[in-house]
Every structure is written in C-alpha cells, then in structure tokens.
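K.L.:
Okay, handing you the structure first.
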Amino acid sequence: MELENIVANTVLLKAREGGGGNRKGKSKKWRQMLQFPHISQCEELRLSLERDYHSLCERQPIGRLLFREFCATRPELTRCTAFLDGVAEYEVTPDEKRKACGCRLMQNFLSHTGPDLIPEVPRQLVSNCAQRLEQGPCKDLFQELTRLTHEYLSMAPFADYLDSIYFNRFLQWKWLERQPVTKNTFRQYRVLGKGGFGEVCACQVRATGKMYACKKLEKKRIKKRKGEAMALNEKQILEKVNSRFVVSLAYAYETKDALCLVLTLMNGGDLKFHIYHMGQAGFPEARAVFYAAEICCGLEDLHRERIVYRDLKPENILLDDHGHIRISDLGLTVHVPEGQTIKGRVGTVGYMAPEVVKNERYTFSPDWWALGCLLYEMIAGQSPFQQRKKKIKREEVERLVKEVAEEYTDRFSPQARSLCSQLPNKDPAERLGCRGGGAREVKEHPLFKKLNFKRLGAGMLEPPFKPDPQAIYCKDVLDIEQFSTVKGVDLEPTDQDFYQKFATGSVSIPWQNEMVETECFQELNVFGLDGSVPPDLDWKGQPTAPPKKGLLQRLFSRQDCCGNCSDSEEELPTRL
C-alpha cells in the first residue's frame, strides 16, 4: 500500500532530521537517562580498569578529551598536547603547504627561542628534523618526536591524571557506558532491507537522538541454520575493527526472539543501486577512483587486524550522508593467524578469486582481486566476468574467472586499465597488493597519484557525489520480502550461553563518539565554576541509600534506569 510507504518514509526522514525540536531527537528525559552515578559507585570500575595510557588517553574519545582537560591545567602539558595537535595537522596538510606548516612547528615547539618549547626533547633529534624538513617535508617527519612526547605524557603526567577529578569523571562516563542495553534503549523505524537471519531496520537512541541501523538475527533462524559461530564471528570482528571505512558496531543486545547488532546507519544507499539505477550504468572515472581509494583504506584497516573480508561486491559498499563509503556485512570475514594461510570456498560468484574458486589456501589475496573487479564494474557499468540481466551458469563464470582475461573499452584511461588488470591477476603471487607491500602497493599506483591518502583517511576530502538528504535509498516497505515463520525449532536454556556471549551491550569507542557527536558530553561534562568539586565527585558527600520501596511502589513504579527509560508519550510513531 503506497500510503504505508509514504508514512514510514516521512517518519524516518523526520527522525533523521532530529525530530524538528531543540533536543535534536533526544528524549525529554535524556538527562535522567545519562545521569552520572556518585563517584563512590565507580570504585569497582576503578580497580578493574587497565591502566594503559594509549587506551585511556588516546584511543577512547572521552578519555582523550578529559586527559586534554587535565593537561590544560598545567602549562608544560598544554605545550605537549598543542605540539601533538600541530603534528596531526601537519600530516594532513596538502603537499604544497606542508613545509611552511613544519617550519611553524619547529619554531613554536622545538626552538629555544620559541614560545612553547616542549620538554624532554633531545637536541640532536631536533637538528635531524630540521635538516630533513629542508630536504623535503615527508609526512612522518615528526614521528619520533611524537613518540617521545607520548612517552613523556605517559609517565608522571599520566600518574597525576589518574589521581585527578578528570579521571574520576571518566570513570562516571565508563559507568554509563557499561549500563545494560535493551530494546527500550531505542526507537524503532521502518525496515531498510534483509540480512541472512532477519530484517535490518532504522533505529534511534532515545538518550542521544543518534540514528543507527539495527540488524536483527532471529534466534530460531540462527539455530535452524546452525549459524551461531557465523553470527558470533561477525559480531566479534565488528567489535574489534575501528575504521571510518568499515561500518561500526555500537551496541549488541538481545530481545526475546532476536539478537541485535546496532550499526552505523548509511543513508546513501549501496554502490549497486548507484551503479545501475541512477542514469547510465557506471560512474565517471574520478568517482570510481575515489570510492576505490576509500575501499582500499578499509581493506587496509581490516588486514592490519589480520582479517580477510572475502565478500567485496557493490551491494556491500554503502554511502553515508556525505558520500563517503563504508564496507558492510562482515558475515564471511575471518581472522588469519600470523604466519598461516586459510582455506574456504566462500564469497559471491563473479567476485571470488581464482584461488578461492579452486579451493586453494590464501591470506588476503581474494580482497585485492575483488577490489579490481569492483573498480572495473564502477567504470564499465558491468561486472568483468558476467553481464547484468544475462543468466550464466556458475560453472561458466568460474571458468571465465580462472582462464579468461577481462575486456576493456574506451571508458578506461590507461592508468585505470593498468590498475584493473594488476588487481584481478589470475596469479595471486603477481597480484598488486600481494607482493609483500599490501595496501601500500595499491596506493602507490599512478591512478591514485592526485589523492592525498592522509587527508582521505582523516575524512578531509570532498566526495564526488553527495546523496539527497530527502531521499530514502532503499526499496519500498512492501517490496522488501518478509521472512517466513521458522517452524520446528525450540529455544532451550542451553542456548543462553551463546546469547550472553553475543549480547554484551555498548561498544566503547562508538559509544563515546556518540556522546561527543550528539553534544551530550559537552552539556553534561560540567565541573565547578570556581574550581570546586561537584557533588557527584565529592567523596565526602557520599549519598545515603534510598529507603526501600513498598510492594505497591515496586509494582507500579516505572523503570527509570540509564538508557531504558520509556518516554512513549513524546515519541514519533514507529514502524507501521
């Protein structure tokens, strides 16, 4: 019914825009949902938290911000963080401006006459940097100085930070991060598509207004297909990878009937839709090259964690609101142990490398093959080994993959043809990306000569296409085929062990990013204006335990715990 689709789309668009109010999609009870505990409630967390400088002060977004606030109270530490910020800026500065940026860093932070000389820096190292800067401003010029600065901060300053109110506030945020996650943490919206074990729908965190995609894995369907290991593998790999070019896992929870993965919402649709349903099939070369470069960065991040993807194809590459891509659907990914190879005839016909088709052993070579196939398809408007809407038997496609070279038209420039021929090389030992240098080999190809990969990796390059914010890039609600009911499968108490491994709640870095991006951190992270300790951080003012509720109070009181508050009277309609 057309009306149902219009209503579902209208509700989703309104949610994406923040609901039209000042709260930007937040519940009217959001402060109550994110209320800090008294610091005395965080003592167990304090004792169990690993004292790792890199994790607490660099990798975790809220930890990094609070450590910077602590450093701002001491001039010598402020100089160190300013230097680190300056180096980060230097590394993403365009080539023609980098030398001037490097000279400013040398003058301000490394010269005895500079205003912000950083401590503990060997003068010989400074001299070497100055000489290298004159010869040519390479991106890693300040790498050793950066390492020494972090080493300095990780000693006495880090120890002092652990005894400060800033670290106590970090413990309060960690306490909130570790609160239980349930279906009541979210508002649910329309179905966006189907996964292997259930629907994918849009959802919104009540406390922050942040939009996500919720991938629901039906418990009975998982059990019937014996998919427990596959589902847990995807969840654990998503949890491990932190890349702007791979969808992020923010939450994992369970309901009575399903296991739920809450992932980055990609509103721009997938590359298959854009290649074939937005005018003439295929992209201009510049657009295809931009997407190939971002996919290359995503594969590099996966391979750095020794993860091979194995299912690279247009429908698994999604666009965000701004037009940047992320790799999605990690169901076939697998970890490759150091020094070992793996075996597995998995993937999608037409994108599987010859060594996969032959069931031979491999490490990361199938991903570089598939990148070549995808780049070819983006430029040519069709797959290199099968024509769209023309049925070819699987055996014939696999023969073409193993034996026949791809054909090129005049849509390919010489550089594009060169890269496309080197990536899908039949021999994995000769394939670009597999000659010992990994992603670096691919990035150094002349087709990417005009791209600054440092700026690309920082999200600083403008994409060639920006999706329409008023468009819904997916099928109509009624065109998404519904799953049939699973019969003959009963859930048993022994299944709970698997569900507990899966439903682990919030994922640290995405959750903290959510708090920062939605300005919850900015609004809640308040200290005493006159330097006084806030009541929730004051050990002297420990709260008294509230009186026990009577039976009737317990029966009729509303659940008001962090993230699980229901505020249905103010909510937008959910999926019809």
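Cβ coordinates come from backbone N, Cα and C, glycine included.
According to Swiss-Prot, the protein carries these features:
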- Asp311: active site, proton acceptor (ACT_SITE)
- 192-200, Lys215, 264-270, 315-318: ATP binding site (BINDING)
- 53-171: domain 'RGS' (DOMAIN)
- 186-448: domain 'Protein kinase' (DOMAIN)
- 449-514: domain 'AGC-kinase C-terminal' (DOMAIN)
- Cys561: S-palmitoyl cysteine (LIPID)
- Cys562: S-palmitoyl cysteine (LIPID)
- Cys565: S-palmitoyl cysteine (LIPID)
- Ser484: phosphoserine (MOD_RES)
- Thr485: phosphothreonine (MOD_RES)
- Ser566: phosphoserine (MOD_RES)
- Ser568: phosphoserine (MOD_RES)
- 1-185: region 'N-terminal' (REGION)
K.L.:
Other than its own, how many Cβ atoms are within 10 Å of the Cβ belonging to Gly195 (ATP binding site)?
P.N.:
16
K.L.:
Helix, strand, coil residue numbers for the domain 'RGS' (53-171) per DSSP?
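P.N.:
When I sort the residues of the domain 'RGS' (53-171) into the three classes, I find 88 helix, 0 strand, 31 coil.
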K.L.:
What are the non-local neighbours of Gly269 (ATP binding site), defined as same-chain residues 6+ apart in sequence with CB under 8 A from its CB?
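P.N.:
The answer is Leu318, Leu319, Pro467, Tyr473, Cys474.
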K.L.:
Check each residue in the chain of Lys215 (ATP binding site) that is at least six apart in sequence and keep those whose C-beta is under 8 Å from its C-beta; list them in sequence order.
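P.N.:
Expected: Gly195, Gly198, Val200, Cys260, Leu261, Val262, Leu263.
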K.L.:
Excluding near sequence neighbours, so keeping only residues 6 or more apart in the same chain, what lies with its CB under 8 A of Asn316 (ATP binding site)?
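P.N.:
Listed in sequence order, they are Asp270, Ile327, Ser328, Asp329.
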K.L.:
Determine the mean pLDDT over the domain 'AGC-kinase C-terminal' (449-514), rounding to the nearest whole number.
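P.N.:
Averaging the confidence scores along the domain 'AGC-kinase C-terminal' (449-514) gives 84.
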K.L.:
Should Leu192 (ATP binding site) be counted as helix, strand, or coil on the basis of DSSP?
P.N.:
strand
K.L.:
Around the C-beta of Met266 (ATP binding site), how many further C-beta atoms are within 10 angstroms, looking at every protein chain?
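P.N.:
The answer is 21 other Cβ atoms.
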K.L.:
Calculate the distance in Å between the alpha carbons (Cα) of Asp311 (active site, proton acceptor) and Met266 (ATP binding site), and round it to a whole number.
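P.N.:
Distance (Cα to Cα, whole Å): 18 Å.
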K.L.:
Kindly assign Gly198 (ATP binding site) to one of the three DSSP-derived states: helix, strand or coil.
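P.N.:
The residue in question, Gly198 (ATP binding site), is coil (DSSP, three-state).
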K.L.:
What's the number of neighbouring CB atoms sitting within 10 A of the CB on Gly198 (ATP binding site)?
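P.N.:
20, counting other Cβ atoms within 10 Å of Gly198 (ATP binding site).
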K.L.:
Tell me the Cβ neighbour count for Leu192 (ATP binding site), meaning other Cβ atoms within 10 Å of its Cβ, over all protein chains shown.
P.N.:
23
K.L.:
Using all protein chains in view, find how many other C-beta atoms are within 10 Å of the C-beta of Asp311 (active site, proton acceptor).
P.N.:
22
